[in-house]
Amino acid sequence: MTHKLVTPLFLIFFFIFSTLYHAVLSDDQSNKTEEASPPPPSPFDFLKNLLGSQKGQNVKGVKELKEYLKRFGYLNHDQSSSNYLNTNNNNEGGGGDDDFDEQTESAIRKFQQNYNLTVTGSVDSKTVSKMMMPRCGVPDKMNGNNAGFHLDYKFYDGNPKWPPSKSTLTYGFLNGTPRQGVYAIRKSLQDSASVSHFTFKYTEDYANADLKFSFQKRYHKDNNPFDGPGGVYAHAWAPPIGAVHFDSEERWTLGKFPHSIDLYTISLHEIGHALGLQHSTVQAAVMYPYVGAGEVKNLQDDDIEGIRALYTL
């Protein structure tokens, strides 16, 4: 009788163990495949062809460089040349669009200064390396200090923030949010709450949540289209909008893996925006806009001091 009972139990145990073993093995093989596969082409690859470009030259790709500088806060329409503003789709040669003019040089110098690079005004190797890194889609904010040193935390113009009556913020997920996204965002909210006065409460009412998290692709009706893997990984809005969008085409992971973006690190960064923090130029800070492949960050003193200064904690 005992023998008859043990055999079925052994078979059940063996089946469960075998299933778990194959699941772990499958995940391990998947990670190895992910590590072995090359990174996909980046929307910023055009910058490689501009290495060494400088004022006075006409180089294919300068038009895209101007768009990059404009998108991230270093060049505005008023500073752009008339040829750049009045783009003619029939002008196949590019004309003035690819002119490396004085305004472009000035914008490059601002970028280099903001990231503590040697200020040359030309597209040198260190500038290309920095610009090609995946980054947040929120434009950078120049401090006005032109000394070229690292700056601390920054706020949006006007210091928008949640009112004292909103120390408890609700958050929700758009249908279809991947499980690893839900996990990373909840962990990031937990860690953000631990260094601030905020409490975050989940709601199924996504439309009316204070913080709305979603994964989007390319054009998604907010005038800030994503550009595919390797470019802009996410963007968010300052209070009281509270929308946070992640690029669904990125190679997202939890933890440090080659050619991948850590969801936890980016969630912390975008939540910082949603609470009122702007980009920091402190490279170790979560609010630094660029992230290296496989890079994992935790909240740093610069991030913590920033949120506490904004809310006078």
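The backbone N, Cα and C atoms fix where each Cβ goes, and this holds for glycine too.
Predicted automatically and left uncurated, TrEMBL annotations should be read as such.
These numbers come from a predicted model, not from an experiment.
From the candidate list His235, His259, the residue TrEMBL records in the Zn(2+) 1 site shared with His220, Asp222, His245 is His235. Calculated from their C-alpha atoms, the gap between Gly228 (Ca(2+) 3 binding site) and His235 (Zn(2+) 1 binding site) amounts to 13 Å.
Local packing around the Cβ, expressed as the count of other Cβ atoms within 10 angstroms, is greatest for Glu270 among the recorded positions Asp222, Asp227, Glu250, Glu270. Highest local Cβ density among the binding-site residues Cys136, Met287 belongs to Met287, counted as other Cβ atoms within 10 Å over all protein chains shown. You'll find the Cα of Met287 (Zn(2+) 2 binding site) roughly 24 Å from the Cα of His220 (Zn(2+) 1 binding site). Listed in chain order, the extra residues whose Cβ falls within 8 Å of the Cβ center of the Zn(2+) 2 site residues Cys136, His269, His273, His279, Met287 are Val138, Ala236, Glu270, Gly272, Leu277, Gln278, Ser280, Val286, Tyr288, Pro289. Sequence-distant neighbours of His269 (Zn(2+) 2 binding site) (same chain, six or more apart, CB under 8 Å from its CB) are Cys136, Ala234, Val286, Met287, Pro289, Val291, listed in sequence order. Cα spacing between Glu270 (active site) and His245 (Zn(2+) 1 binding site): 8 Å, rounded to the nearest whole number.
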